[in-house]
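Participant: So Swiss-Prot lists the following for this protein:
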type     : residues : note
TRANSMEM : 37-57    : transmembrane segment
TRANSMEM : 68-88    : transmembrane segment
TRANSMEM : 89-109   : transmembrane segment
TRANSMEM : 120-140  : transmembrane segment
MOD_RES  : Thr185   : FMN phosphoryl threonine
TRANSMEM : 212-232  : transmembrane segment
TRANSMEM : 239-259  : transmembrane segment
TRANSMEM : 265-285  : transmembrane segment
TRANSMEM : 291-311  : transmembrane segment
TRANSMEM : 315-335  : transmembrane segment
Amino acid sequence: MAFKLASSPHLKVQLQTQSVMRRVILCALPGIAAQCYFFGFGVLIQVMLAIVVALTAEAAVLALRKRAVLSTISDNSALLTAILIGVAIPPIAPWWLVVIGTLFAIVLVKQLYGGLGQNIFNPAMAAYVMLLISFPVQMTSWSIPTAIAQNPMDIGLTLQAIFGSMSAEQLSLYKLGFDGVAMATPLDTVKTDLSLGLTTSESLTKAIFSDGYGVGWFWVNMAYLAGGLIMLKLKVIRWHISFAILGSLFVCSSFGYLLSPDTHVGPLLQLFSGATMIAAFFIATDPVTAATSVKGRLLFGTLIGVMVYVIRTYGGYPDAFAFAVLLANLCAPFIDYYVKPRTYGHRTGN
């Protein structure tokens, strides 16, 4: 058998930043589509608004810094940040919320540190935490899934809700489910019920849990999981961080559930509710703000998974990925310093 031998250098071509970002965005599309299907047109409107603000803000800052505008914007990093912010914002949140968050992410968290590759925090998660602390009411008013909403919103009503032409009384009616209760996320519902003295099993009897995991949230997480697996197949990301997050979260939640099933959420609900899959595959794997070595990435992911469980279970926020990712970003330089790969040719001393 004849083998064709190419001339040197025998180097593997590395993906350019633009190509990597494009592939990540394409792999996120199934999850975005699932969110739009279950939570309405507001998801798409928030994403589009975030994209416009992100690209405009990045172009303005680059022009002020006298940097190349078109070549920098075309790397798609601002586009990806905008998409992550858009899907993290409640679908019918007021328009100014996503504008403030996107400006904060692009101008302060990314460009103020020098641009792509220089920021120490994940811009989308930093913006999310800033908004959550500054505007807790707006950031925790998540839409009822259209399948159990008393009054599902069409695109016209969604635009009215986002851009402020709908009264507060009208808006409250569109946030009610079939049981007459306005809810946030499944995890938030359980956390609120536990604080009222109900057990986990009693909380799971509500309409939002009619499919066992939280209507819509299971399929949204499955869609992001599918996109994440495609990224692994395309070698856009490595498996260490994602699997460390999911594995540590599963182990911690299983242990807590076995000890006290009445006051703890089961592992499957932890994995397929909230932002678990999008955070594990699309957010925590950001190569700029994560650890770099194999052991470092495993430790980085495990740290996020454990912190998510602790904050979800004992903290004041039901979905803790943004806080966990930012805290892990702080620890990434420390992890890289102390967890270094063995140098090629290294020999242990006798």
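Every residue number used here counts from 1 along the chain in the order it is shown.
Glycine residues also receive a Cβ, built from the backbone N, Cα and C atoms like all the rest.
Just so it is clear, the model here is predicted, and its values are computed rather than measured.
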Participant: Please work out the number of neighbouring Cβ atoms within 10 Å of the Cβ of the residue listed as 'FMN phosphoryl threonine', leaving out its own Cβ.
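Facilitator: The Cβ of the residue listed as 'FMN phosphoryl threonine' has 20 Cβ neighbours within 10 Å.
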Participant: Checking distant contacts: for the transmembrane segment (68-88), what same-chain residues at least six beyond its ends satisfy Cβ-Cβ under 8 A?
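Facilitator: Same-chain contacts beyond the ends: 17-18, 21-22, 24-25, 28, 31-32, 35, 43, 46-51, 53-55, 57-59, 62, 98, 101-102, 105-106, 110, 115-116, 123-124, 127-128, 275, 278, 282-283, 322.
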Participant: At a C-beta cut-off of under 8 Å, are there same-chain residues at least 6 beyond the transmembrane segment (37-57) that contact it? List them, or none.
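Facilitator: Long-range Cβ neighbours of the transmembrane segment (37-57): 73, 78-79, 81-83, 85-87, 89-93, 95, 98-99, 101-103, 105-107, 142-143, 145-147, 152-155, 158-159, 161-162, 215-217, 219-220.
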Participant: In the same chain, who gets a Cβ under 8 Å from the transmembrane segment (315-335) while lying at least 6 residues past its ends?
Facilitator: 88, 120-122, 125-126, 128-129, 132, 184-185, 187-188, 190-191, 274-276, 279, 283-284, 289-291, 296, 299-300, 303-305, 307-308
